[in-house]
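Engineer: Below you will find the structure I want to go over with you.
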Amino acid sequence: MSDREEKLAAAKQRLLEVKKKKRQAKSKNSVAEDNVDRESNDGNNQVNEPTGNDNTQVVENTEDISASNVVSAEGAEASTGDASTQSPETSENVVKNSVDESVAEKPEKEDLAVIESEDKAAKPDGEIKKNVETEVTSRSTSSQEKDELEKQVKTLHDLNEQKDKKIKELKERINDLTYDYETLKANADDSEGKQTLVSKREAALEEFQSKLLIRENEINKRELKMNGKEDDLKKREKDLENRLLKVEEHEKSLNERATKLSEANENFNNRFKEFEEREKSAIKQNKEQSSEGSKTANQTHEQKELINSLEKKVSDIALEKQLLEEAVERYKLAMVEFAECQRRLKELEAMHFEQPGSVTEKLFPDPTNFEVIDNVSIDLTLTGFPGAHGIPFSV
């Protein structure tokens, strides 16, 4: 059980005790009234029965009735005063406890009505006073006793007036405390509403901060991912640059080899022309010698030496031709490799352009601004002299 429930139960218990005391005071008043009525009836019976000592008996009965009325009135006043005193204090304590804790409920209107009715019931009845006065005036035979009774009645009136005044003040105090309780309760409810609103706003703010933190974490992850992609792109870009440099170097070497092949081909053509001229001159000399007739041994020996030298030159030319063919084959393979490098380079550039955030322009200029040699044709037909073997070929 929480503190709030315990305090509420204690307040209810105190209220029940106050009601119980009110009922006890009321029962005491009713008992006193019954005694007064019973004694009044006894007095009337005695008055109706005349005896030798009527005056004395009437005085004694009157004194007894007055004394009993005074005692009962004082007892009722004391009990009522105690109950009235205890009731406001207890109610005040209940209200204070309820206001201080801001948790107790205000007393119901029915309880207040019951308390007021009990307070009214606790008062000495006016009819009893009138009956007492009537009995005193009708039965008293002595003016002194009558004056005493009047003084006692006046005292009772004064006590009742004081008690009524005190009860009125206590009721006003209860009303003031009830109003203060209602005001404080309204303020407490308003404070609880504001506190609830603040709690809701704090919860919403915490939820927003958690979502913002999650969003920041996602952004950081994306940034790390983008940084990784950027690093990957930089690596690829560097790799492309290195490959481009290698391709340029390879292209440069191919151009140098092509230049050397062109020079070798030109030298070969010049030597071939020289060989043809020498062949023609040798054929011409052979015809002149055959037309003259017999030749001397020296001329025959010279011709043989000439033929041997020509055959040696033809073999040398054939060897150079073979070397040239091999060079052409290597050149063709190099051109195929160069074309494959160009294709691979274009694929890498296309992959780079497809990456998100890449530039739309090409990073490197196209180095393939020269014509690829698709066909090399070399005609080396050597059939212009005896013993020569023609070996035509084409690339």
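Keep in mind that glycine also has a Cβ here, set from the backbone N, Cα and C atoms.
Positions annotated as region 'Disordered' by Swiss-Prot: 17-155, 276-304. The compositional bias 'Polar residues' annotation in Swiss-Prot covers 42-71, 81-96, 291-300. Residues annotated as compositional bias 'Basic and acidic residues' in Swiss-Prot: 103-133, 144-155, 276-290. Sequence annotations record features per position, and here Swiss-Prot assigns compositional bias 'Low complexity' to 134-143. Summarising the annotation, Swiss-Prot assigns coiled coil to 224-351.
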Engineer: DSSP says what for the compositional bias 'Basic and acidic residues' (144-155): how many helix, strand, coil residues?
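Structural biologist: The composition, in the requested order, is 12 helix, 0 strand, 0 coil.
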Engineer: Over the span of the compositional bias 'Basic and acidic residues' (276-290), count residues by DSSP class, listing helix, strand and coil in order.
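Structural biologist: Secondary-structure composition of the compositional bias 'Basic and acidic residues' (276-290): 15 helix, 0 strand, 0 coil.
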Engineer: Taking every residue in the coiled coil (224-351), what is their average pLDDT?
Structural biologist: 80
